[in-house]
Amino acid sequence: MSKAKTTGTGKRKQAKGSTPARDTHRAVGGELHQVAGGEHPALTTNQGLGLSDNQNSLKANPRGPALLEDFILREKITHFDHERIPERIVHARATGVHGFFELTASLKQYTSARILTEVGEKTPVFTRISTVAGGAGSVDTPRDIRGFAVKFYTKEGNWDLVGNNIPVFFIQDAIKFPDLIHAVKMEPDRGFPQSATAHDTFWDFISLTPESMHTVMWIMSDRTLPRSLRMIEAFGVHSFRLINAAGESTFVKFHWRPKLGLQSTIWDETVKISGADQDFHRRDMFDAIAAGNFPEWEFAVQLFTQEQADSFPFDHLDATKLIPEELVPLKVIGRMVLDRWPNNFFAETEQVAYCPSHVVPGIDFSNDPLLQGRLFSYLDTQLSRLGSPNFHQIPVNAPKCPFANHQRDGHMQMAQPAGRVAYEPNSLSDNSPRETPNGFHSAAITETGEKGRIRAESFADHYSQARQFYLSQTAYEQAHIASALVFELSKVEHPHIREVMVGHLLHIEKDLAKRVAAGLGLDTLPDAPVAAAPVKKMAPSPALQIIGKMKATLAGRAIGILIADGSDGAVIKKIKKAAIDAGASVKIIAPTVGGAKLADGTMLAADGQLAGTPSVLFDAVAVILSDKGAKALSMEGAAIDFVRDAFGHLKAIAIDQGGQVLLKNANVGQDAGVVDANDKNAFIAAAKTRQWDREKSVRTLA
Ligand code: HDE
């Protein structure tokens, strides 16, 4: 047998103009390992030994056993075997992006934190937006809360604001967190469901935890089905304290508000997106950043005193409560822009370590018992995840301001402090580094009372704000909440859990309880459980709606144009231009990815092939077809689904004559949201919003 040496390193020819956009992007990230002058460095082991063959392991003879001596094979495989670190127990699946924060209004009166006092100063940030329950490889679009963690690399140290896209939480005390998470994660005996709340253990725990009812209303709303991570609000959830130079403290709640407005999807749409594109949100963010459409959020605060807090009809230290904007208005003080995709997902998005305990002088904690528990948990989890107390040395975690102390050694220590002094105070090294009067001071608070494992009486009202949330929604949103509850509870196998849940709903709103009971086929309404505190009447807060916070805009949205052989190029061009001028991105979809031969004989390349590019990936669609094209597509399930789903998901549809034929053959009706493709203005106006009035004609809501 001849000794054939395969190298596989032959130069590949690059077709002209075929460099994928991603490669260009990668080059921006500096990943191409090119040294100055375009020279490629030699491939080496981790010890710098040059490799002459990276294709074949060392063998006793060409067909013989591999040799233990092959240290090159062993180094490569061993490193590979250790590539994974434990994924986060919660928030494992995420998208991370670099950007900056800019202060637009000073809070000098309230805090000494420089990041909140120096107007115009830009502070670098790294923001990680996550789902909660699923593993790192789970889909982007389950019904789930989104984590929204921002690391501000301030001149006074790192400040981590680790929030969610929902302003309240399920539980009031950190000691219940492991129970909550064990209930929501895949059931331990069977290993499913992955990233879903629609199962027995979650609803069993919830049904026995009345304090979760307010958050349950939020997660059953379309807030947990975001259209894009660029279109979610986020909240610091807990009350924090700001402390000014005089040592006076003011309570604060933090809010992020998306410039693109809030936008969610519809449940059926979300389910189909999950199948069409598992990475829908991550890809959307990647594409937006690559196209220079940098997502932006306003940063706002609610400021209030102890006296105001004492007058609220709820306890602001209870994380199951929010402070309605109507009670304490939001003050916008800054903006965050995300503008740089990480160079390396693992190094940055995976290894970033947020801790709510990372604060800067002038920001302090409240006594919220959930926050107090978090102050312990995050540092602890980083030690287990990243394996060393030196995780602050990983570039994405390292402060961008100088930092110095006498902590030493430990696994993966990267620093090499010189000298013989590693203690303080000392006289041998001029007592350096020293304490600074500008360092962190805790708020000077007097605590009194009896020690004990006690839940405050002021935490006992579990239903008033849940009711307020429900009553603040539009009729469409209320219907979606009812349908979501029916869907989720119908997946629960134990009937008693369903009944207990309907009992809780009776405290929230009788009509909601009745709708859900009917959807679940319950003949009689169960008894409501005894409420620990009477349900208070609270004024509806329109700020809690999604629909009220949507923006009639195509900025950041996507339009899909379905074409086939014989389509009218002029109409396609007109619609495409109008959509792009309105700020949308546009994709051409055709039966083959090579494109379609238009009526004038020219070829138009497609951005997506029909079966792999369903209408759920777009905010509005146009269907431009010749009669022949319409006839051919009427036989294609993917084309029928394309228009049926667009209509069912309340999207605007522009059609020409052929498009109308396809709609007719798909049994899709006509309404104000189905417009003539030649009337581009009508299409753009309709595309900027969902056709809510259509909903009653396309589905029965619980
Ligand atoms: Fe977390 N949470 N959490 N959480 N959380 C984690 O820390 C925890 C809570 C939130 O992108 C873990 O680094 C406890 C509320 C986000 O890396 C862990 C309690 C809010 C992220 C942890 C809570 C959050 C986490 C897992 C109850 C909204 C992702 C990995 C006392 C204000 C951060 C990690 C990222 C992650 C503990 C409740 C938000 C285990 C004990 C409330 C956005 O430490």
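Cβ coordinates come from backbone N, Cα and C, glycine included.
Residues or ranges marked as region 'Disordered' by TrEMBL: 1-60.
Residue counts for the compositional bias 'Polar residues' (43-59) by DSSP state, with H, G and I taken as helix and E and B as strand, are 0 helix, 3 strand, 14 coil. What TrEMBL lists as compositional bias 'Polar residues' is 43-59.
Positions annotated as domain 'Catalase core' by TrEMBL: 44-432. Summarised as a single figure, the pLDDT of the domain 'Catalase core' (44-432) averages 98.
The active site annotation in TrEMBL covers His91 (among others). Applying an 8 A CB threshold to same-chain residues 6+ apart, the list for His91 (active site) reads Arg128, Ser130, Thr131, Val132, Gly147, Ala149.
DSSP assigns Asn164 (active site) to a strand in the three-state reduction. According to TrEMBL, the feature active site maps to Asn164 (among others).
For Asn164 (active site), the Cβ neighbour count at a 10 Å cut-off comes to 23, with all displayed protein chains included.
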